[in-house]
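Trainee: Provided herewith is a single structure, encoded as structure tokens, for subsequent inquiry.
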């Protein structure tokens with residue numbers, strides 16, 4: 001028997017079962033409707049049903065109209081006196097009843113997924129009276145399901161991750177689909193899952209949709225991601241059903257199932273011997289197909305010769321081994337390093353590999369490249385000592401440097417100029433011997449810091465430097481001196497044996513055992529009648545009075561020579577002379593050291609005498625200032641009076657000029673040719689001021705003789721010199737920077753003098769001068785002689 005035949009039989013049996021069930025329900029309804037109101041207490045009589053119908057099921061999606069069944073009352077005699085009425089869910093819009101026959105039909109297609117059943121009520125009425133002939137009855141119309149819906153997956157998209165190397169049967173994910181058809185009617189909603197793509201690595205449980213692994217030891221490094229297509233079908237997967245598919249993205253997460261592996265058994269590097277500490281020599285890399293924490297690794301060197309010269313560190317980003325230089329290299333000492341390097345994982349998982357499989361080794365060869373290096377001193381610093389005052393040419397010490405390269409070039413030595421500004425030392429350029437060039441003085445400089453340079457003679461002329469410290473040892477070559485300038489004094493009436501002054505000494509030398517000074521009197525004057533010297537044995541000495549009754553009237557100052565001797569070998573001596581003043585001390589025994597009194601004492605004068613001298617000087621100064629002020633006031637008043645006489649209040653702003661007339665101009669052009677010539681100033685001042693009458697008379701005399709005397713005449717020259725001197729020396733007559741009077745205008749002019757200065761004479765002469773010719777304009781209008789027209 002085929003599957004389709006079985007399906008048809010199941011559908012028929014289902015329909016029959018529902019019909020029987022509805023018949024029983026109808027009989028019960030009929031009994032209930034016809035049961036009498038008054039019930040017997042002994043027995044219940046079964047009455048005949050009052051309704052008849054043929055069908056209560058209809059398949060969904062059937063075209064309308066579709067006959068569902070028929071209502072029929074026992075009272076219906078076929079005379080059309082009975083009227084059937086339908087009410088309830090869908091009455092009138094979904095279902096319609098024939099009021100004469102009671103047949104029920106559909107008005108439109110039904111969708112079970114929209115509504116699975118309808119509850120209706122049927123009534124039989126008397127058509128004439130419209131009264132029910134029987135009790136109404138409720139019934140249910142079931143919408144029978146058909147396979148009209150496709151299954152659908154929910155919760156899409158599906159993404160899952162499982163660790164690589166997981167065992168077979170590991171659950172990956174679960175897919176879920178739904179079907180809107182009736183799961184209780186047939187196989188319309190019975191779903192079956194299957195794998196369309198993803199075998200043989202994955203499989204799915206047909207009823208639950210659970211996806212599991214079906215391939216052992218799946219390796220992420222081989223394939224990291226899988227796309228599995230799952231299909232779902234209704235009707236238990238039989239033909240004629242609906243289906244749908246979904247894609248499940250499955251990723252394999254990494255586990256540490258691989259160890260680091262070097263792709264090369266030997267790595268070779270080269271580094272220059274001059275490379276500084278910290279230089280990156282090179283990088284090595286061990287491959288690990290794992291990712292993340294499973295790929296983290298560290299590198300190390302095995303203990304070997306030279307492993308302390310280099311260091312290897314892991315780059316956290318690239319996971320490379322970085323080889324660093326940690327010690328200086330020397331090609332001449334070691335030219336090659338051979339070391340073993342190891343890489344190992346931080347995270348070890350022994351479920352997949354053994355412990356030793358998580359590490360790998362390789363060999364490193366590092367070659368040192370030769371570099372031409374500068375000469376190298378035997379030591380970086382030299383320190384020597386030498387006594388001061390040694391003769392020039394004395395050897396201080398020897399520096400030594402050599403070229404460490406294979407060429408071993410010869411070396412020359414130099415002293416850096418900046419380190420020996422005074423050129424006190426010199427060096428032998430061939431053997432490095434440093435000598436004194438000038439005599440040294442410890443008191444001038446106790447230390448000398450030199451920079452010595454050693455330079456190759458050939459190839460690149462490389463050089464290096466070393467520091468030389470020279471300490472100058474002290475020699476007793478400075479005599480002791482008093483520590484300060486002492487000003488001792490004694491008071492009048494001082495008693496014998498009183499302390500005058502405590503003195504001390506200093507010495508520029510620096511003896512190793514410290515200073516010790518001895519004080520004494522001058523040998524030929526050891527016995528001083530006035531003072532005595534006592535050595536305190538502590539580098540100090542006390543000066544004491546030897547007598548009493550010192551008096552300023554007898555003597556104001558005493559000179560006391562003191563001999564100071566140091567403790568050097570040989571000892572040096574110096575003599576210092578102290579000036580001891582006799583002072584008129586205050587009642588408390590204090591001698592003034594400042595002010596008028598101290599000044600008077602230093603000058604050998606009494607205080608009243610000094611005050612009198614100062615008062616006299618002050619009086620003379622005040623009188624001089626007053627006299628100068630009175631003299632200036634008189635000068636200013638005289639200047640104002642003279643200004644008023646000449647018709648102006650202020651002459652300071654008047655500046656007379658000399659006009660020079662051109663002889664080549666014609667008409668008004670002559671005025672353009674005229675130019676001003678200022679006279680030069682003269683710094684001298686006139687000791688006496690000429691009166692105004694004398695100046696006027698001088699001008700008048702000049703006018704009288706100007707036509708007769710030429711510039712070569714001695715009278716003319718002397719006149720000019722006198723007027724020039726008067727103008728230069730007169731501080732009161734303006735203008736103060738110009739000569740203001742000239743008597744002669746030229747030599748041999750037929751017009752005579754053109755000056756109008758004679759207008760101030762007592763007898764002015766306005767006679768018309770001879771015709772000067774067509775080139776000159778007449779000056780008669782200038783002197784007020786009428787208004788006749790001037791011709792050219």
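Just so it is clear, glycine is given a Cβ too, placed from its N, Cα and C backbone atoms.
Just so you know, TrEMBL annotations are computer predictions that nobody has curated.
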Trainee: Pick from 588-609, 610-631, 632-653: which stretch is listed in TrEMBL under transmembrane segment?
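Mentor: That would be 610-631, per the transmembrane segment entry in TrEMBL.
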Trainee: Would you mind splitting the domain 'Cadherin' (154-262) into helix, strand and coil residue counts from DSSP?
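Mentor: Split by secondary structure, the domain 'Cadherin' (154-262) comes out as 3 helix, 49 strand, 57 coil.
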Trainee: Based on DSSP, tally up the residues of the domain 'Cadherin' (263-377) by helix, strand and coil.
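Mentor: Secondary-structure composition of the domain 'Cadherin' (263-377): 8 helix, 52 strand, 55 coil.
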